[in-house]
Amino acid sequence: MARTKQTARKSTGGKAPRKQLATKAARKSAPATGGVKKPHRYRPGTVALREIRRYQKSTELLIRKLPFQRLVREIAQDFKTDLRFQSSAIGALQEASEAYLVSLFEDTNLAAIHAKRVTIQPKDIHLARRLRGERT
């Protein structure tokens, strides 16, 4: 017979179980009157990891089109009033903006991991931008 690795187990001890008080035993044997089932909850981090996998697979735009369009028009108004945009121009701006943000967050995550953390912080974004040469 082959040897198998022994694992530590909790010992049961040699003592016999003590008698429970009558009220405790009655409470345990009586069925729960409420019968309200708790909603299922995933462990912390499980849903986050699922979302990460989902969004890494997908290619669709994550910022809604109309709010992004309003933002572009608001920023453009500071430079020249009554500017008009082709819908393809707004789409190109949105593609470029989202690609930039995803790339920045990837670098930010690497900076947080380098600092032995899993949570990104503003200082990680500053470091990532500084290393890219965007901001001094």
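The backbone N, Cα and C atoms fix where each Cβ goes, and this holds for glycine too.
What Swiss-Prot lists as region 'Disordered' is 1-45. What Swiss-Prot lists as N6,N6,N6-trimethyllysine is K5 (among others), and the listing cites similarity to another entry. The N6,N6-dimethyllysine annotation in Swiss-Prot covers K5, K15, K80 (among others). According to Swiss-Prot, the phosphoserine annotation covers S11, on the basis of similarity to another entry. Sequence annotations record features per position, and here Swiss-Prot assigns N6-methyllysine to K15, K24, K28 (among others) based on similarity to another entry. Positions annotated as N6-acetyllysine by Swiss-Prot, on the basis of similarity to another entry: K15, K24, K28, K65 (among others).
Distance between Cα atoms for K5 (N6,N6,N6-trimethyllysine) and K65 (N6-acetyllysine): 59 Å, as a whole number. Using a 10 Å radius centred on the Cβ of K5 (N6,N6,N6-trimethyllysine) and all shown protein chains, the other Cβ atoms total 4. The highest number of surrounding Cβ atoms within 10 Å, among the modified residues K65, K80, is found at K65. K65 (N6-acetyllysine) and K80 (N6,N6-dimethyllysine) are 22 Å apart (CA-CA, integer value).
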